Each structure stands twice: as structure tokens, then as C-alpha cells.
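I have placed the structure first, in the form of C-alpha cells, so that the comments after it can refer back to it.
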Amino acid sequence: MAPGVVASAATDSGLNHLLDPRKTWYNNKRLIALNGWIFLLLITSSTNGYDGSMMNGLQSLSQWQDYFNHPSPSQLGLLNAIQNIGALAAYPFAPYLSDGIGRRPTIFVGALIMCIATALQGASQSEGMFVGARFMIGFGLTFAANAAPMLVSEISYPRYRAQLTATYNSLWYSGAIIAAWTTFGTFKINSTWAWRIPSILQGLPSVAQVLLIFFVPESPRYLLSKGKNEQALNVLAYYHADGNRDDPLVQYEFNEIKTAIEYDRTVAANVGWKSLFNTPGNRKRMRIIIGIAFFSQWSGNGLASYYLNQILNDIDIKDPTTQLLINGILAIWNLICALIASSLVERLGRRFMFLLSGIGMLVFFTSQTIAFAQFEINGQSAAAHSVIAFIFLYYACYDIAFTPLIVAYTVEILPYPLRAKGFNIFNFTISLALIFNQYANPIALAAIQWKYYIVYCCWIAFECVFLYLYVVETKNLSLEETAAIFDGEEATKEILGQGLHAAGKHDSDKKHSGSVDEVEHHVGTLEKV
């Protein structure tokens, strides 16, 4: 792909004109029910967010520090990284469960493991038991986190799919908020319950999922891939058209999904791990997915996410109450920024948001580095306060794209047969990046302090160039149309044409005949690479 040239998908999806403008998330009972079940899936991300914030908070608790004999920087690295090591152990199995037994059973398996693990974590009698429990949390989270966002994107009403999928990763901060304020509330308990209570509460979202997950509708794409056409059609009709199987929108979705699955199986041969890199379109996908996965963890955010107390100690803010307050307020700030960004993904577009996020991070992380250096060199208290301000401004920019979009964008650019495996690669890459960060960051901060920030300044500058060259715009498209952008014009025409043809057969009064001219109109700017 030439510098600065991207595929443009600014044209509307073929199904947008089939949506009833009077049907909204708040005035339709079945959409309200569907979104309620989707919320149960979204809280999977909260468990992960809870973990990072809880570990930040526990490091400020003398009760936890004393019980585990004041862990050294390398021990802290292990205590944080072990969850992601557990996640790595589950990655070989997660996509096979998601594609084999279905999205819902896979979430159930992951949630059940996390329920057991958080109970063990809260009951830990030694560092080894605590480490083992955190390994299990990561292992179980991999299954749930592989299936949940895919199920969100695959059952959402088309008008709200992008916003809901973007909200998935944004709710990471809801877990962070609960953990931050829980540790703030328990740090005055003069016993080990100061850290045991937050450890046990991490399992609450998983308990809810174990009890309720099988009330959530299964993915129509999964059902179609298993030949369960009637069940898939019933799910789409019940939630997207009040039970009308002949509704043009339902017929469009049903036939577009069916055609896309068949195309990927027979034409593009999109099956197996090797196919992730077999075709030019898939190589483009994986370049973007692996890139944004690394960037989401290697942009300096890992410093404040896991070692905020160490940063605050370095700028002479050592009071545990103050540290816990800053941790709690930062989590609330992040959630607000991320949810606002999630609501704007279809208006601003993915490419613009990624570029704005990258440039903003570069500006404010560089400013943070300068302020940190001024404090270290001159001991200025104003510089210390500036570090805190720039941390908040940096995260506002990070939350524009790298909180809401990385999961949503990854899921939507992958075709169905590769979605579970490709998303697994995305999560695997994040875990690798996190493990490196969680081991390296505390050691590097202790050794060279503010000079370590310069490494991230250079890396974020590289990220901005990468995002400019390779990120593709995908707003206002269905999952199948988005995935087809990467596979060429013929794939786009095939998939979109079948959907329009099916919609036209069930709505002869409207102009959805599936003609070549109409397909060409909707293909429009889909191929400008």
C-alpha cells in the first residue's frame, strides 16, 4: 500500500436504507432485551480492567505489601505478568472452542474458571497461591474475551453495532473504577481483608455470566456456519425485525452472511491458521491487527496502568490516600473519555480517530517526559503537578481510539471463518506486549527513571507514521462489507449483491433488485487501494 493511500469506505452500507428510522434502542422491547443481553457480554472487559487497577491499588496497601514481604521490582513484574502468562496458555484452545461449540458455551467455560480463580486469589495463603490464582484468571479470561466481543458484534442491531462493540473495550475502565475505589475503601481495614475483599470482588461479573449466559442469543453467523439456517434466521428475525422472517433487513443480513461464509470457504479458502497470511487481503489485515495490538500496550500507557504508585513515588507524592485517590479519579476520567469516543465512531470514522489519538498521545507523553525531567533535575513541585496533569491529558487522547476501537476494528475487518483465529492473534499479541511491559517497566523505571520515557516518545512517533500509512476507513459498513474491502472488488460485489438481491425479493416496492448498477453504487469507494 502506497504511503497515505487507504481504502475508503465512506459510502453507506447496503443495509442502511433498510433500517426503520422509527426503531430505536429505547422504544422497541426486543431491542431493549437484546441490548440487555449484550451488556452481560460487555462486562467481560470489566474483569480485565479490574485486574490492572486492583494490582495498582494493592501496591499502595501496607497490608498487602507486608503479607507478601514487600515484593521487589522483579517480583512485582511476575505478580502483574502472571495473568497474561495464563492467558498465553489458553490461546491455542480459545478459537477452537469459539468456532466449535459456539460463542455462548465458550464464555461460560471462561467465566466458570474465573469464578474459581478469584475465590482462590482471595483465599491465598502464600505468594505461590496468589500467583497460581492469577494464572487461572488469565487462563479463563482468554476464553471469555475471545468469544464475547465477537458475539457482541454478531448479534447487535446494525445501527448500533459499531458503538456497542466499541463500548466493549471502553468498559475496561468500569472494572478499573470499581477496583480503585474498592481498594480505597478497604485500605483502612487493619487485616488481610484489606486486599482479600478486592481480590474476591473481581469474580462478580463472571458469576453473572455463569448464571445468565445461556439466555443470550447465539451468533447467527456461528449458526449459519454449522448449517443451522432456520435457527439463524429466527434469531435475526426475533431481535432485528420483531419476529418477521420476511423483513427485507432480515433477508439482507441472512443472505449477506451466508454468501460471505461460503465465499471465504470456497473462493478465498479462508480456513485454518495458515490462511491468516496466505492472501494479500489477509496479510493487510494481520499487519494492521498486530500493529494496533502492540501499540495499545506499548504507547506508555502500561506505566500508569500498572505502576502508577511507583511514578507517584518518583515525583514525591507518597501518601497512600493521595495515591489511591489519583488512581480512582483517573479510572473515572478514562471511562468518561472512552464512552464519549465510543459514541462517535460512526460520525468521525476509524482512521481519523486513530490518527487524532496517536498525535495527541505523542504531544502529551512528550510533555509528561519534559515535566518529569524538570522535577528530577530541578526538584520543582510545579513540575510534579504537571506530570499528573499530562497523565490525564495523555489518557484522554489514548481513549479516543486505543480504548474503544482496537477490539471493534479488529473484529469488523476479519471475515467470519477467520474471526476467532484472527482475534486470538490480536489477544495473543497484547499478552506478549503486556508481559514484556510488566517485567521491563518496573525495572527500567527504578534504574533510569524519566529517561525511560524517551523510549516511548520515539515509539509513539513511529506509531503515528504506521497509522497514517495503513489504517483503513470502515465506517457505515456491515461486518461482511467491511471484511470484503480487503479481498478486492469481486468479493465486495458478490457479497453485497446477494444481500441486495434477497432484500429486493422480499420488498418489491423498493428499489433493491440486486442489479449490477445498484451493487456498483454501493461498492462505490470500497476499492481505492
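Just so it is clear, glycine is given a Cβ too, placed from its N, Cα and C backbone atoms.
If you look up TrEMBL, you'll see 31-50, 106-123, 129-149, 170-187, 288-308, 324-345, 352-375, 387-411, 423-440, 452-471 marked as transmembrane segment. The annotation domain 'Major facilitator superfamily (MFS) profile' is assigned in TrEMBL to 37-475. The feature region 'Disordered' is assigned by TrEMBL to 503-529. According to TrEMBL, the feature compositional bias 'Basic and acidic residues' maps to 504-529.
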Quiz item: Given the transmembrane segment (129-149), which of the listed stretches 352-375, 423-440, 452-471 has the most Cβ pairs that are under 8 Å apart from it?
Solution: 423-440
Practice problem: Examine the transmembrane segment (352-375) against the transmembrane segment (170-187) and state whether at least 3 Cβ pairs sit under 8 A, considering only residue pairs 6 or more apart. | Solution: no
Quiz item: When each of 106-123, 170-187, 288-308, 324-345, 387-411 is checked against the transmembrane segment (452-471) for Cβ pairs under 8 Å, which one has the most?
Solution: 288-308
Self-check item: Distant-in-sequence neighbours of the transmembrane segment (387-411), which means Cβ under 8 A and at least six residues beyond its ends
Solution: 149-150, 153, 162, 165-170, 172-173, 288-289, 292-293, 295-296, 299-301, 304, 311, 315, 317, 326, 330, 333-334, 337-338, 341-342, 345, 350, 353-354, 356-361, 363-365, 367-368, 371-372, 375, 419, 422-423, 426, 474, 479
Quiz item: For the domain 'Major facilitator superfamily (MFS) profile' (37-475), what is the mean per-residue pLDDT, to the nearest integer?
Solution: 89
Quiz item: Can you name the far-off residues of the same chain, 6+ from the ends of the transmembrane segment (106-123), with a Cβ under 8 Å from a Cβ of it?
Solution: 41, 44, 47, 94, 97-98, 129-130, 132-134, 136-137, 139-148, 151, 196-197, 199-203, 205-207, 209-210, 213-214
Quiz item: By a Cβ-Cβ criterion of under 8 Å, what residues six or more beyond either terminus of the transmembrane segment (324-345) are in contact with it?
Solution: 53, 56-57, 60, 162-163, 166-167, 169-174, 176-177, 179-181, 183-184, 187, 304, 308-309, 312, 317, 353, 388, 391-392, 395-396, 399-401, 403-405, 408, 475
